[in-house]
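**Q** The structure's right below; bear with me while I get my questions together.
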């Protein structure tokens with residue numbers, strides 16, 4: 001019997017005894033067009049098409065290199081494993097009907113927003129593709145392209161095709177992240193009724209499915225593109241392109257992935273944090289009701305936001321991170337092999353693809369190592385989920401060291417420098433250690449088991465202001481250790497590569513930059529497991545919301561609360577990991593940009609002199625871009641949250657029966673407000689990021705033309721990129737860590753410390769958490785995407801600056 005009937009009949013009993021009904025957010029199920037087309041094809045025809053497609057992929061792979069065949073094989077096996085994980089997760093029950101109803105409402109809202117958001121992004125991508133096509137049709141060609149017979153038209157269509165493919169794959173990666181999270185959340189909630197370990201295993205395997213698909217798609221997408229260009233252009237045949245120049249044609253793929261990831265992160269981040277802030281300010285602070293209480297009109301919008309912001313956006317984000325790192329490392333590997341006259345450069349070029357193929361293997365082992373115990377039950381003591389996840393990560397790290405060493409011996413051994421592979425293996429070890437240290441540092445500053453967060457929680461006992469001051473100071477302090485670690489890793493990796501014994505024609509060492517690239521690959525060699533831990537967070541958060549809304553016993557809520565707190569820490573640690581990898585990848589892309597400018601200008605371009613006034617101004621503009629972008633992203637959350645607050649207050653005033661469970665909140669209204677506002681608000685900061693480097697570079701190019709400095713535009717953009725990277729890394733570290741610490745300080749008080757829920761300390765902590773929400777889930781994550789997108793857009797648009 002529904003609540004309306006209960007009200008009319010006067011038969012209201014205890015709330016948890018009454019089934020809840022939640023409204024659909026749309027009229028019919030949504031499935032992306034590409035999947036609808038595939039589902040409409042006869043199964044036998046689809047199997048034949050898949051076999052033909054696989055045959056073609058392996059044919060071009062075999063025509064390119066046995067290494068490509070290896071990469072294809074591993075990716076296909078990982079996709080099969082992801083299908084197994086999907087079936088395993090979906091075989092779990094959804095619990096009682098009220099849980100399923102809540103989950104369906106969340107799924108409807110998430111898929112509806114995804115459809116609208118990615119429809120908007122796709123239109124902008126097509127428009128940008130036309131701009132790129134126009135630029136490339138009128139640009140000059142490099143001497144290498146002229147000698148290989150690739151004209152302007154061919155180069156233009158190759159770049160645009162790569163851009164659109166990268167954008168499409170990034171969008172699919174986001175959809176995969178969202179698809180699994182909206183189906184796994186209710187299954188984690190149901191598993192929590194039985195045991196904490198089973199709930200943990202379901203959440204991890206759901207995240208593992210998304211991670212394997214995202215990483216596998218990034219690897220196989222670049223491999224297919226590389227092999228297709230290799231065969232189509234007749235690479236390495238007389239009078240055609242050299243294999244060492246081929247990776248430059250893949251830059252458009254990285255730009256497309258970055259473009260989609262930036263808008264996905266902005267739109268999803270604005271959505272999730274505006275709903276969260278609005279729900280908390282009115283629900284917790286003003287009305288005094290618990291988090292995720294079904295009486296809160298914004299609660300469904302908040303839970304939907306976890307999926308579109310933390311799952312869909314993060315899937316596109318990590319896809320872009322891996323794509324950018326692979327392409328930049330392939331470019332530098334090809335450049336070094338060409339300068340050092342290495343006979344077979346394919347190993348140096350394809351090495352990044354092999355590293356991430358092994359990443360799929362070792363991360364799969366780490367994911368499967370997390371299993372439920374036979375004697376676990378809801379009454380058993382709750383194990384520390386972070387310790388269990390850490391064990392899986394340790395297994396993955398050990399395997400990463402072994403496979404990375406084997407990969408360097410297999411692909412980077414050369415007779416010109418027999419011991420070079422060992423130096424590069426040590427570069428990889430530097431990257432792996434850097435990743436582990438980054439995870440530990442972020443965990444130290446954001447986990448309430450450690451002193452910084454407990455000190456922040458203690459500051460809440462003296463008021464809202466002291467909580468804000470302590471949180472800001474913690475975030476500022478947290479930038480120091482990561483910067484020191486990045487600095488040591490870049491210098492160590494550079495000198496290990498520099499002393500590898502690889503020299504150019506003049507006898508000068510030439511392996512330094514490639515050593516840094518190998519360290520970046522080492523840092524991302526466990527990316528699939530890192531993404532698994534990241535996806536675990538929002539799935540656990542959603543599970544806790546479903547448990548609260550469906551009024552499950554307190555023992556079940558205790559399990560999901562523990563998982564949720566750990567999920568906050570894993571989300572923060574993976575963001576720290578992403579920032580570290582962004583710093584290293586941006587350094588590589590910056591070097592690739594300088595090489596490309598030198599190729600177009602046909603003159604040396606190895607240094608950027610900031611003593612030149614125009615170049616210094618370019619640096620200032622780069623730093624300004626970071627602060628202005630962050631301001632616009634945070635203010636977008638604030639404006640949208642104000643609309644949510646007004647709507648929630650209106651419903652509590654106009655429907656006083658909501659607090660007594662006599663009237664139902666209008667969840668759909670809040671979802672509609674947040675969805676439309678977030679799509680509107682994401683345009684301005686996103687456009688700023690794309691237009692700024694192009695406009696600055698073009699204006700200073702014109703200035704340079706009239707003042708007799710032909711490379712002025714390229715130099716100013718280089719300074720802009722350099723300063724933006726440095727400022728962006730520090731700002732992202734501050735925002736992510738401060739936001740995560742504020743959130744877990746609130747969680748710590750909610751465990752019963754300092755007066756527990758409802759106390760003055762708790763209210764102050766909620767204020768801090770509210771301030772930190774746009775920091776850690778909107779501006780912070782968007783910044784490290786912005787940094788890499790600036791690097792890729794300068795690579796693609798280099799002709800505009802010359």
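Including glycine, each Cβ sits where the backbone N, Cα and C put it.
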**Q** Under TrEMBL, which of the candidate ranges 556-575, 656-675, 716-735, 736-755 is annotated transmembrane segment?
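**A** Checking TrEMBL against the ranges 556-575, 656-675, 716-735, 736-755, the transmembrane segment one is 716-735.
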**Q** For which of the residue intervals 326-347, 392-413, 458-479 does TrEMBL record transmembrane segment?
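**A** The range carrying the transmembrane segment annotation in TrEMBL is 392-413.
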**Q** In TrEMBL, which of the ranges 511-531, 532-552, 763-783 has the transmembrane segment annotation?
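**A** Matching range for transmembrane segment: 511-531.
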**Q** Which residue range, 103-120, 121-138, 139-156, is the one TrEMBL calls transmembrane segment?
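**A** That would be 121-138, the stretch labelled transmembrane segment in TrEMBL.
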**Q** Which stretch does TrEMBL mark as transmembrane segment, out of 8-32, 158-182?
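**A** When 8-32, 158-182 are checked in TrEMBL, transmembrane segment belongs to 158-182.
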**Q** Among the recorded stretches 121-138, 202-226, 348-372, 615-638, 716-735, which has the greatest number of Cβ pairs closer than 8 Å to the transmembrane segment (480-499)?
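**A** Against the transmembrane segment (480-499), the leading stretch is 716-735.
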**Q** Grab the same-chain neighbours of the transmembrane segment (121-138) for me: Cβ-Cβ under 8 Å, and only residues 6 or more beyond its ends, written as numbers and ranges.
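**A** Answer is 152-153, 155-157, 159-160, 163-164, 167, 171, 252, 256, 259-260, 263-264, 267, 690, 796-797, 799-800.
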**Q** Can the transmembrane segment (202-226) be said to touch the transmembrane segment (511-531) if we require at least 3 CB pairs below 8 Å and skip pairs under 6 apart in sequence?
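**A** Touching, yes - the transmembrane segment (202-226) and the transmembrane segment (511-531) meet the threshold of 3 or more Cβ pairs under 8 Å.
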**Q** Counting CB pairs under 8 Å, which listed stretch among 65-85, 348-372, 615-638 touches the transmembrane segment (511-531) the most?
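**A** Stretch with maximum Cβ contacts: 348-372.
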**Q** With Cβ-Cβ distances below 8 Å as the criterion, list the same-chain residues six or more beyond the ends of the transmembrane segment (576-594) that contact it, or say none.
**A** 317-318, 321, 324-325, 328-329, 331-332, 335, 431, 434-435, 438-439, 441-442, 482, 485-486, 489-490, 513, 516-517, 519-520, 523-524, 530, 605-606, 718, 721-722, 725, 729, 732-733, 736-737, 781, 784-785, 787-788, 790-792, 794-795, 798
**Q** By Cβ distance under 8 Å, which residues at least 6 away from the ends of the transmembrane segment (615-638) in the same chain are close to it?
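**A** Tertiary neighbours of the transmembrane segment (615-638) are 266, 269-270, 273-274, 277, 608-609, 678, 681-682, 684-685, 688-689, 692, 696, 700, 712, 715-728, 731, 735, 773-775, 778-779, 782-783, 786.
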